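Below is one structure, written out as structure tokens; the observations come after it.
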Amino acid sequence: MSQPFALERQLGLSAARRACALTSSVFNKLVKNETLTKGDKSPVTVGDYAAQALISSMLKNAFPADPIVGEEDAADLRAEEGKVLRDRIVELANEALVAPLVEGDKPEWGIGPGQAKSAAELLDAIDRGNYDGGRTGRMWTIDPIDGTKGFLRGEQYAVCIALLVDAQVQLGIIGCPNLPVDPAQPDGERGCLFVAVLGQGCHQIPLSGTSSTPLHMPTPAPSDLTTLESVEAAHSSHSTTDTISSILGITRPPIRMDSQAKYGCLARGEGGIYLRMPTGVGYREKIWDHAPGSLLVSEAGGRVTDSRGTELDFGLGRTLGENFGVVAAGREVHGRVLAAVQEATAQAKAKV
Ligand SMILES: Nc1ncnc2c1ncn2[C@@H]1O[C@H](COP(=O)(O)O)[C@@H](O)[C@H]1OP(=O)(O)O
Ligand SMILES: [Mg+2]
Ligand SMILES: [Mg+2]
Ligand SMILES: [Mg+2]
């Protein structure tokens with residue numbers, strides 16, 4: 001008998017591989033007018049839209065009854081002014097859909113030669129990500145390009161896919177086209193997939209092949225600890241991380257990296273602590289920004305909570321509601337980190 005969620009894992013990996021190829025090729029050809037600024041001032045590119053259209057189309061073919069909570073929606077593309085962008089997105093999504101099948105791909109997922117879709121079908125596929133989320137049933141959550149700012153800088157970004165059942169993450173997949181396969185060889189081969197299924201562990205697979213390496217978070221010596229945090233100071237308070245690091249006696253500088261690539265790196269033993277410290281503006285974290293990453297870390301032997309030590313709750317809708325920030329670390333380190341977070345917060349309050 002096959003393992004639970006074997007087909008979902010296979011489809012998710014195929015979709016992530018195709019989306020990674022799509023977004024890499026977009027980066028190499030991106031022209032200035034192919035990026036929009038959304039209502040919340042964040043950037044979105046033809047790559048984000050095309051990758052969501054691709055992943056959502058594949059999910060619909062394989063699991064037509066499953067709803068999707070996706071980051072993007074097609075409203076701006078349906079407007080007359082969106083025509084140039086829309087045509088480009090249709091071209092990119094179709095290039096990815098008709099790419100030849102590789103090992104593990106199934107033609108019934110709507111991929112392979114002759115599987116191109118119309119513009120209307122692809123816009124509808126993007127909008128299938130409009131599900132509100134919630135506590136019960138199966139649902140997917142996708143972030144077609146997580147860390148769009150990193151993507152635009154040519155740095156780290158991630159294609160993120162997760163399956164939730166009754167608000168519990170069962171499957172998490174993160175594709176990182178720009179991430180070195182071996183952290184010890186930063187100038188070596190790039191392009192990694194991370195995959196975790198609840199109770200089945202966490203694995204890394206190179207984008208160039210199918211070999212699967214199990215990941216287990218090591219117990220780092222205190223002198224080896226470093227924090228992983230956002231590049232963008234608006235996403236995570238760098239000064240709070242500095243205070244926490246000094247309380248913990250960490251002397252190494254933080255590793256700054258965009259996107260959920262941080263969770264993948266943590267799962268394979270880099271840094272030892274992922275900190276996402278609230279900046280005080282009441283930002284609500286989105287479920288697609290943490291669902292796959294949190295499973296990678298917990299399946300690799302780590303623990304993930306919000307900045308106050310509360311479990312992340314994926315059942316409240318499209319956001320994580322009252323969860324603020326993230327603290328992720330190995331199980332034996334996490335408690336110490338949380339105590340340092342509390343001390344740093346108390347120090348900051350005493351200063352006001
Ligand atoms: N004020 C904010 N605080 C925390 N995260 C944010 C904030 N604004 C945007 N984000 C999200 O953080 C994610 C990137 O994480 P990181 O900083 O770890 O690279 C993106 O998904 C981004 O959303 P968006 O996709 O809308 O840009
Ligand atoms: Mg995104
Ligand atoms: Mg994101
Ligand atoms: Mg975005």
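Note: Cβ is positioned from N, Cα and C throughout, glycine not excepted.
Database features, via TrEMBL:
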- GLU71, ASP143, ILE145, ASP146, ASP289: Mg(2+) binding site (BINDING)
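Features as recorded by TrEMBL, highlighted on the structure.
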residue	record	contacts (Cβ under 8 Å, 6+ apart)
GLU71	Mg(2+) binding site	ASP48, GLN52, GLY129, ILE142, ASP143, PRO144, LYS286, TRP288
ILE145	Mg(2+) binding site	THR23, THR45, GLY47, ASP48, ALA51, PHE151, TYR157, ALA158, VAL159
ASP146	Mg(2+) binding site	TYR157, ALA158, VAL159, CYS160, SER259, GLN260, TRP288, ASP289
Given the recorded Mg(2+) site (GLU71, ASP143, ILE145, ASP146, ASP289), which additional residues of the same chain have their Cβ within 8 Å of the Cβ centre, ordered by sequence? ASP48, ILE142, PRO144, GLY147, THR148, ALA158, CYS160, SER259, GLN260, LYS286, TRP288
Based on Cβ atoms within 10 Å, give me the single least packed residue among the binding-site residues ASP143, ASP289. ASP289
Hits among ASP143, ILE145, ASP289, i.e. binding-site residues with CB under 6 Å from ligand 3, come out as ASP143, ASP289
Should ASP289 (Mg(2+) binding site) be counted as helix, strand, or coil on the basis of DSSP? helix
